[in-house]
């Protein structure tokens, strides 16, 4: 195809020539730019010359994402960081490897120090085949024929604890002592563990409960008898070898030790049930043993409820030394522990029955002995224990009325401990006279100190700052101040300036009324009368009965360190159990916010109220 050239010639039109004027214009511009760049390159060659261009290196960069930096600077920075890290790590390693002195922990308070010793007293009182780690060098195996030598029993009653300075095994105070120790472990387990005494105190409890399981048919559901004691102490019938007339080491005893059984003994049965029930909570992690204790406790409590009677009838050997005034308080005490151990509300129903509380003396506020917690009267302890239930679980109807009464009575008991209310006299030195000036006062004092300290812990844990005595409000610190004042007196802050716990402090009783401690452990066997010369000696005991709390001073703060006067110098199992309880409750050991274990005692108790039903499903149109 040909067109006409306006300049006089022909023009051929093809696909190559179909570009638009704009395209040709852009091509011309690119060509001009290339020529311009070439000119700059050529100029650089001319200015620099071939030699300079060869020696020049191109810079390298590192792209780290957020920025681009020179490679050399990057490498120097990384190296510097690694170097500083290695240096710091090296310094830290040197600091850790090089030995350095740590600040010493704060010294234990006096209650903790005394507690270690108080527990050792139980080791010295053990009967039977002693473990190698018993820790009392002058004690050995003893009572190895107990039970077997009695033709009417003919079963092994080896084990348990001797009660005091003699060698009698009284089951009534022994059971109460094990209940008390178990109660302290349930409440203050973390404290025991913190000071390294948990295994020790559990071993002491098990030594007692193992023996108690031997004193009745613990495998049966129904029983008809219990061993009340092994050995006798009545000397009113004239000179005859027994555990009070003879003065000899338990290891050397060669006279007969009768076994006393009871077939109608509600108080002893209910107290032993309480001991086994409380111990079952202590050993709840050992299910087989805990179940065995619960089974035995059920049989004992059932026997006590069916076969009514006191274990210490008038004229009996038991009535001379540990006479029981009634069994109603044991029904309340034992019923409470049975409920905590089993969760069975039938036991709580018994413990909170208004008639039971009335017979136990819960409303005898005017009684001179009201509020005095002892191995005989468990009511004050029962009321504190059941107040715990009301404070933390509040079971409501039908228990609320009597639980509120117990709670109010507990408040009244705490008020009676305060000097301002004149319920009890105090010595000039500050010791409360719970036994009204009678001998052997310390066993009552430590029990009161324990209840006061424990109740203060209950109130604190329940976020209750104190309690009312009439219109007057007192804080929990007042209770602790009372408890500490009594223990401080016992540990040396008294007119005699001496500790009444053997082995604690610089001055303590040296002539303790105790057969084993007063006779030398020298391989010589002293017979029934052969030990009299040691009993009458004015010299200090050759063996130190570490941790024993003696009977205590008189009402004038006076004390006579005389071996033959047991009203001053004899220790007992029950008294030391109260001492341990008071000491662990007041020991200054940091175990968290609360001093007590709030929930373990309720581990077998089912929920108080039914579980609420789940919410309804979502509504669908």
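Using the three backbone atoms N, Cα and C, a Cβ is placed for every residue, glycine included.
Annotations in TrEMBL come from automatic prediction, not curation.
The structure displayed is predicted, hence computed values, not measured ones.
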* TrEMBL lists region 'Disordered' for one of the ranges 1-26, 27-52; which is that range? -> 1-26
* Which of 561, 570, all active-site residues, has a Cβ with the fewest other Cβ atoms inside 10 Å -> 561
* Structure fact -> Rounding to whole Å, the Cα atoms of residue 561 (active site) and residue 513 (active site) are apart by 9
* Roughly how many Å separate the Cα of residue 513 (active site) from that of residue 570 (active site), to the nearest whole number? -> 5
* Structure fact -> Counting every protein chain shown, other Cβ atoms within 10 Å of the Cβ of residue 513 (active site) number 26
